[in-house]
Structure formats: structure tokens, C-alpha cells
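As C-alpha cells, the structure follows; a few thoughts come after it.
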Amino acid sequence: MMHDDSLQFPGDAGVHTSEHADWSSKEFSAAETKLAEIFERYSSALDAGDHDLAEQILAEHPEIGDEFRTPLRGLYLLGREARAQKEESHQTDAPAKRLGDFELGEELGRGGMGIVYAAKQISLQRDVALKILPFTAVLDPRQVARFQNEAQAAASLHHPNIVPVYGVGCERGVHYYSMQMIKGQTIAQLIRQLRDTRNGQESDTEQLTEHLSSLSTVASIQSRSFVRNVVSVGVQIAEAVHFAHEHGIIHRDIKPSNLLLDQNGTPWVADFGLARGRGTANLTSQGDQVGTLRYMSPEQAAGRNHEVDFRTDVYSLGVTLYELLTLQPAFEENDRIKLLSQIQSDEPLSMRLSNPSIPYDLETIISKATEKNPHQRYSSSAALADDLNRFLEGKAILATRKSIAERAADSIARNKRVAMLAATALLLTTLAAIFVASVFYHQRQREQAAADRARFFLQQAHQTVDRFNLLMSDQLLAMPDSEPLRREMFSESIGYYHDFLDYAATNPGFEIEQAKTHAHLARLYERAGDISKAQGEYQTAISQFRVLPADEMRLEEAVALNRLGLSQHRVGELRLADESIRNSIAIFENFPDQPSALLPHAMALANAATIDNASGRTKQAKANYESALALLAKTPAGESEELLVARAKITNGYGALLSQTDPQRAIQFLVEGIATLGESKAQLQDQTSASFLVEENDLHLADMHNNLAILFSREGRFEDAISHAQKAIDFWEDRIKRHPSLRDSDGRLATAFNTLGEIHWRQQDIRKSDRLFAKAEALLRKAEKSSSDPETQSRLAGVLHNRSLIAFRSGNLILAKSRIEDAILSQSEAVVLAPKNELYQQLLTSHREARSAYTKQQSSPVSATTMETR
């Protein structure tokens with residue numbers, strides 16, 4: 001059965017680098033690799049008890065000087081003892097590992113700069129942590145120097161939040177130093193534990209004591225106590241880092257895995273392996289990148305080591321606190337080159353977008369600490385600690401946000417048009433916030449009379465922020481280099497709404513505005529791609545609208561229910577979507593003559609029809625579409641952008657439905673619909689400048705051309721079919737050319753190529769058909785690299801299915817099986833990403849049936865003229 005992505009109905013996130021990832025990626029020179037191979041042979045000989053062979057191996061390589069022979073022997077002995085302890089750990093009389101005055105216990109951690117063991121110092125009978133320079137590092141004098149530098153730097157610092165060094169030594173060629181044993185966990189482990197708990201996974205990280213309970217339970221991640229505890233930890237770390245700075249030492253590798261929390265919740269700064277201090281030779285050259293990539297400052301990422309100073313540690317501590325507060329790294333890119341570019345050029349996602357409970361002042365502090373330009377950061381860690389303390393004490397912080405113009409210019413300086421639009425959008429958001437602040441003040445002063453006026457201005461502010469930001473986000477999305485600013489716009493708007501909700505929670509009389517604000521937030525979260533938060537806000541809005549008395553609130557509840565249903569439908573939750581949308585329709589039916597209810601009621605009916613059709617309730621779907629069209633006919637005279645888009649959606653959906661039962665009527669309906677929509681669009685553009693809602697109408701027109709192409713093809717009217725398919729292709733190619741950063745254009749163009757390929761398949765032009773399917777596959781492979789959404793995977797599976805069918809018909813059974821296996825893999829990925837989407841399950845079954853047919857080597861598993869409609 002040939003697969004297509006057409007007859008389209010309307011309405012249709014990283015691997016994080018662990019704290020040790022940078023250590024395991026070290027590249028070795030040829031000499032180091034050779035020495036490692038020699039050590040491997042040497043160890044194997046000694047393990048076999050052949051000491052003569054071991055010495056012979058060393059003798060065969062006179063280039064290994066005496067300075068390496070002793071470390072080789074020492075490292076072998078250490079490794080042998082480690083293996084013996086691991087194998088015999090169940091025996092109480094197992095021999096202890098010894099290194100000088102130390103008995104070695106379990107390994108606590110490892111990296112390129114050393115392996116840390118739990119150990120006991122025999123002479124003093126005390127528990128310590130022992131850090132040992134790894135084997136490969138012994139070969140590099142710079143590594144040895146850095147190891148010694150680390151011990152010296154830490155040993156010179158006596159501070160209650162810096163891990164103290166007890167002693168340094170070298171035994172049998174093995175360099176080590178001992179330090180205080182900190183019983184607890186790293187901040188990196190804590191972040192991982194919190195992420196696992198948030199995602200519903202079990203965590204094997206040991207629970208912290210009651211002092212840090214608010215840092216280790218997911219329920220409190222967005223609580224005030226969690227935020228304050230994180231800030232308190234940040235203050236102590238910043239003060240410890242400043243203490244090091246006062247002694248002339250720059251850490252240069254502040255990151256979650258180098259910060260410990262003991263069982264009392266006290267933070268400790270560790271691992272000064274990359275530290276640079278006064279009187280210490282610089283062990284890096286200009287252009288070297290020193291530090292852990294994800295937590296590097298921009299100057300480190302650019303290799304500008306002459307610019308690295310105390311403010312570099314301020315930046316790294318800032319991004320560490322960012323990650324602890326949001327459980328997301330400031331930059332999530334995994335490709336090294338792209339990550340370095342992000343650090344130098346991009347702004348992190350707003351913290352309040354990830355965790356709305358983060359107060360505005362705290363976000364301002366972290367933003368200042370992580371400025372790209374070192375001169376715009378805090379001048380010292382002490383200044384950062386002071387501002388964090390001000391936040392904890394409820395005092396006015398010293399940090400200030402950049403002006404609107406500065407942020408717009410920084411984000412998209414290369415695009416003047418975007419800068420102008422962005423500055424306007426941010427200005428309106430800020431003015432709205434100022435309006436509301438003024439309103440709150442006067443409402444307190446003048447009570448009821450001013451309260452009514454306050455609500456009027458609040459409503460105007462809400463409308464300004466909501467409408468302008470939603471429309472502008474689409475416009476920015478179509479422009480290059482604008483994604484950081486688009487995120488900033490969402491962040492500003494979401495922060496504005498949360499600030500209002502904080503106020504309203506303690507000031508009665510704003511119940512209606514609270515409910516509407518939750519609905520506004522839901523739409524913003526949807527545009528930002530956070531469906532889970534959007535659904536939560538919709539549900540809160542619905543529950544609040546439900547208890548308010550006015551009829552207007554019933555209509556608001558109906559609108560929110562409809563939008564919640566759409567959101568549920570997008571993630572494949574058909575049953576929940578069906579329930580939400582039908583509850584919405586039930587409310588609208590109580591207001592049959594309300595002009596403002598006609599358009600949203602029609603859209604709710606169309607959405608119900610889409611779900612009915614997907615669930616096999618064709619008659620009910622048809623009735624709902626016809627009712628929706630009837631409501632559109634009753635709307636007040638005159639064109640509007642919203643009416644144009646609603647008509648396009650409903651026309652396209654009803655046409656797709658008719659194609660299943662009455663193809664001729666479907667063709668007539670879609671042809672007339674395209675003509676009518678074209679006239680309406682022209683009339684609207686004569687009245688006002690074109691907006692992106694008008695362009696949304698064009699998206700539906702392109703889908704209608706694609707659907708007509710399929711219908712004409714089924715009727716054998718191939719010339720008409722090719723003409724309409726080509727119109728769809730032309731539209732999407734032009735859109736990609738004009739707006740290359742738009743996310744779904746590649747997938748939609750692939751759908752159009754797939755349709756044209758099917759038309760040529762029906763004409764028995766197999767070669768041309770396969771070339772078009774190949775184009776579709778290439779576009780979807782491209783989309784797959786930048787997005788892991790289930791629809792892309794499902795579309796790719798459909799195209800691969802079609803290409804497998806062509807290979808089968810061409811007699812290439814091996815290629816057919818290979819392609820259908822790829823189709824099954826892609827469709828399975830779609831099912832994993834959207835497990836509640838029943839259509840994806842059905843398509844997976846059809847791919848598996850095709851594989852079964854190929855295995856049986858049937859002569860013709862499907863009819864050449866049969867297509868499966870999605």
C-alpha cells in the first residue's frame with residue numbers, strides 16, 4: 001500500500017555532558033599511545049608471572065628512559081592491587097592497597113587531571129581523599145606541572161568552603177596528594193538526581209540530610225525554599241572563590257562536578273587543577289581552550305587566555321547556578337564547535353521560562369554574572385556574593401538589566417528589521433508591566449473606583465502583551481538570527497504574567513484577571529514549545545473560570561477547553577482531546593445567538609470533526625463540519641484575519657473528509673474553496689496590511705492544493721493532479737527560500753514531493769516517482785537532524801515505505817527489505833515519542849505487514865493504484 005502524508009486535516013527538546021565527559025575525550029600523542037601499548041604488554045607479562053619477559057619488553061625499548069621505567073613498575077603494582085581488592089572484596093583478610101603512608105579504598109571519581117580514592121592515612125589514622133595523577137599524564141611534563149600546581153594552589157588556601165590539602169608526595173613514580181574527605185555529593189550528582197526524580201526515574205544518589213531536603217525533592221524545585229537554599233549555597237561558593245582570588249588564584253574550572261555538598265549542606269570548592277596564580281608559570285598558550293566546555297566563559301571558549309581573570313570564575317559560577325536552579329545547562333548543544341559558538345554568541349534560555357518561580361531579581365543577578373562581555377559582569381566574586389545576599393535579605397539588588405535597545409541590538413545586531421521589531425515588542429511588554437505597576441499603586445490608594453479603572457488598564461496591558469508577542473513571535477521566526485530574541489520575548493511576557501499572578505495571589509478582587517492570565521500563559525507556553533506547562537495552565541484557567549459567575553466566563557471556559565483539547569490532540573491523546581472539545585461545544589451550545597461565540601464555536605466543531613474522523617466516526621465528523629460551516633455563514637459581515645484562517649482550516653478539513661466518501665464533491669468543494677479564500681484574502685489585504693495570520697491562510701491553501709492533487713490522481717486526471725501538486729511544491733519552496741529558519745517547511749515540502757511521486761507512480765513512471773521520493777527523503781533526513789518530533793519520523797517512515805515498494809516492484813528484494821526495515825525503525829521512533837498516538841501505531845502495523853509480504857516474496861503485495869491516506 002502506497003503511503004502518503006496528504007489529505008491533511010488542520011490542527012496538526014539533550015544529552016547532557018556528565019561532569020567527567022571532558023576528561024575522557026583527551027587525545028593522546030603517538031608517543032603516549034606507544035608507551036601505553038608497551039605498558040599493556042608489560043602488565044600482561046607480569047600478570048602471567050613471566051618477569052623475565054616483562055623486563056625483556058622494557059629492554060626492547062631503550063627509548064623509554066629511567067624516568068619512565070619506575071612509574072611503569074609502580075603503576076603496575078597499584079593496578080594489580082586494585083584488581084585484587086575488587087576481586088577479593090568479600091574476603092575480610094584481603095590485602096589493602098598501599099601507597100606510601102596510605103591505604104587505598106574505593107575509587108571516588110576520575111578524570112584527565114587525576115583519580116580520587118578514599119584512603120586512610122596510616123600514621124595519623126584518619127580518613128582522607130587521595131588524588132593520584134593518571135598514567136598517561138605522567139608522560140606529559142605540563143600535566144605533572146598542573147597536578148603539582150593544583151596541590152600547591154589548594155594547599156595555600158585556608159577557607160571553610162575550600163577543600164584543604166594535607167600533603168603532597170610521589171611514591172614509586174606515582175604523584176599524589178591527600179586532602180580532607182568530604183562525605184556528600186557533587187552538585188553535578190545532585191542535579192542529576194533532581195532531573196531523574198523530576199522525570200519519574202529512581203535515583204541511586206544518596207539522599208542528603210534534612211538541611212538540604214528542599215534541594216533533593218522534586219516537589220520543592222519550584223518552591224521558595226529551594227530557590228533560597230540554592231542562593232545560600234551560591235553565596236558561600238562565591239565567597240570561597242573570592243578568597244582564592246584575594247590570594248591571586250583563578251580557579252578557571254568552576255563547574256558542578258568541582259563543587260561538593262557535604263552531609264550538612266556545606267558547599268566545598270575542589271579541583272584547582274587548572275588554577276592560575278601569581279608567581280605561577282602560565283601552563284597554557286594563547287589560543288588554548290582550558291576548562292570544561294559547557295561551563296567555559298566566552299573568553300575561554302574563544303581561546304583568549306590573556307583576557308581570563310577573576311571574572312571568568314564569576315561567569316562559570318553563574319552558569320552553574322543557572323543549571324542548579326533550572327536543571328538545564330545554559331547551553332545544551334552537544335556538538336563541540338556549535339557549543340563553542342553558542343557560548344560566544346547566543347544568550348541562554350531565560351531561567352524564568354524554565355522555572356517560572358525564579359524571582360525576577362535573581363534572574364537579573366545570574367544574567368549579570370553570565371554576561372558575554374567580562375566588563376559587564378560583576379567585577380568580583382565578592383560583588384556577586386553581596387548581590388545574592390541582598391536578594392536573600394529582601395534588599396534592592398545592585399545589578400540592573402540591560403535596556404531594551406541594548407538587548408535587542410545584542411541579540412540580532414545583524415538584522416536591522418528584526419532589531420526594530422524586537423525593540424518594539426520588548427518595549428510594549430515593558431510598558432505593559434509599568435502600566436500594571438502603576439495600576440496596582442492607584443488601586444491601593446483609591447480602592448473601588450480606581451480598582452475598576454485598574455482592571456481596564458490591566459486588560460489593555462494583557463491584550464498588548466498577548467496579541468503583540470504572539471504575532472511578533474511568528475514574524476521573528478521567519479527571520480535569520482532571531483531565535484534568541486524570540487525566546488527573550490516569550491520570557492519577558494511569561495515573567496510579566498507570573499509577576500501579576502504573584503501580586504493577585506495576595507490582593508483579592510482580581511479573580512477574573514487571574515483566570516485569564518493562566519489562559520494567556522498557556523498560549524505563550526504553547527508557542528514556546530512547552531506543551532506540558534501549557535496544558536497545566538489551561539487546566540488551571542478552566543477550573544478558575546468554572547467557579548466565576550458571569551456568562552462571559554462560561555465562554556472563556558469553553559475557549560480554554562477547546563485549546564486544551566487541541567493541545568492534547570497534538571500529542572496523540574485523542575480520548576482526552578475528545579472529552580475536552582466536546583465539553584467546550586456543550587458550553588457554546590448554551591449561547592447560540594452570541595455573536596462573539598460563533599467563530600470559536602465553529603472552530604471547536606471543526607476540531608471535534610477531526611477527532612471523529614480519526615476515530616472512524618465519519619458521519620459524526622461530516623455533521624460537525626457542516627455545523628461549523630453554518631456558523632461561519634452567520635458571523636457578522638466583513639472579513640477578518642481570524643475568519644479567513646477559520647474558513648481555510650474548516651474548508652480544508654471538510655474537503656479531506658469528503659474525499660473518503662464522495663471524491664467528486666470533494667473536488668468541487670476544494671476548488672470552490674480555493675477560489676473563495678483567494679477573493680477573501682485579496683479583500684482583506686485591500687483593507688489592511690498583510691499579517692502573518694494571512695500567511696497562515698496560505699499554508700492551508702497549499703494543503704488544499706496537495707489534497708486536490710491526490711483526488712485528481714485517483715480520478716485519473718493526472719494533468720490536473722500534477723498542476724496542483726506543483727503549486728504546493730512552489731509554495732513551500734518559496735517559503736523556504738524566504739524563511740529558511742521556519743521549522744516545519746522542509747517536512748511539508750517533503751509531503752508535496754511525496755504526493756507528486758505517487759502521481760507518477762500511478763502513471764507507471766517508476767524512475768521519476770523514485771526521484772521525487774528520494775527528494776522527500778532527503779528533506780526529512782535534514783529535518784530529522786534538527787528535530788526529534790514524532791511527525792517527522794512518521795513522514796520519513798511513509799516515504800521509506802514508498803521507496804521500498806518501488807524497489808520491490810523493480811525486482812530488488814534486498815533493497816526493498818532494507819528500506820522497509822528503515823521505515824519500521826522511523827515509525828517505531830514516532831511511536832516512542834508519541835505513545836498515545838493511535839495513528840502512529842496503525843502505520844507501524846502497515847509497515848510490518850509490508851515487510852511480511854516481502855519476506856513471503858509475494859508477486860504484488862498491494863495494488864499499484866492503492867494509497868493509504870493519513
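Heads up, the Cβ atoms here are built off N, Cα and C, so glycines get one too.
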Per TrEMBL record, range annotated region 'Disordered' [choices 1-26, 339-364, 365-390]: 1-26
Stated TrEMBL location of region 'Disordered', expressed as one of 73-93, 850-870: 850-870
Number of Cβ atoms other than its own within 10 Å, given for K131 (ATP binding site): 28
Collapsed DSSP category at K131 (ATP binding site): strand
PLDDT averaged over every residue in the repeat 'TPR' (702-735): 92
